[in-house]
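Supplied in structure tokens, the structure appears directly below.
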């Protein structure tokens, strides 16, 4: 049992309940904003394009990508994780600068939600790559069962900060500290979501528990389409996420942020490798 201050515990619960049950009026079909990038029949579309299932077995996982690249935005999706013991399986939602068909390269921009499954327990791993190899992991235990219902996971990205949200609760902030010699994601990025076998990283999969299915909903995207001829276009304050009230957390957000990090964060790269990262 997690011991939050009572008022904040109630707030966290109410926010999580609201986002788990709320139906977005702006639901649009998957094919309008996304397309499948791999996995063949391991991706299925249902409910008139308003829900997608990615499943993994011994033969393949699956993934999809946004059709556009972005230079800023407020990117959110609803996700329900695989049930049962999914140790060794990772479900993801992230921003990526490397093109889908581009060979792997160490220096790129990337902003990650990665969910590790295991015997009914789940770890949320977050990471940021800023024209480098990353290694900025921060990990959390969630305050709800992410396989029991849909929850909203979001990434706010503007020229001032990147914020990770879980059910509208900020859990991680990465500030633009380029004036202090810290790289910051500024390249065009697209959205990807995948389910894949990560045996070599997080442990062997028990396929007797599979196949494992992740469910995605709400495919509308609030993002500025990147313009190669004018990269600064996506910094305009005509986009709500670039306005001054999105340059830092509000007092209420800051309070929730501090509680979640105190009670739910289980790993912080800054506590392990502070000398290698000036932002720490």
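Using the three backbone atoms N, Cα and C, a Cβ is placed for every residue, glycine included.
What TrEMBL shows for this protein is this:
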- 110: active site, proton donor (ACT_SITE)
- 114: active site, proton donor (ACT_SITE)
- 17-216: domain 'GH16' (DOMAIN)
- 1-25: signal peptide (SIGNAL)
At a 10 Å cut-off from the C-beta of residue 114 (active site, proton donor), count the other C-beta atoms across all protein chains.
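For residue 114 (active site, proton donor), the 10 Å Cβ neighbour count is 21.
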What average pLDDT is reported by the model for the domain 'GH16' (17-216)?
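Looking only at the domain 'GH16' (17-216), pLDDT averages out to 92.
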Under 8 Å Cβ to Cβ from residue 110 (active site, proton donor), same chain, six or more residues apart: give me those in sequence order, or none if nothing qualifies.
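Residue 110 (active site, proton donor) has long-range Cβ partners 94, 95, 96, 97, 98, 127, 128, 129, 134, 185, 189.
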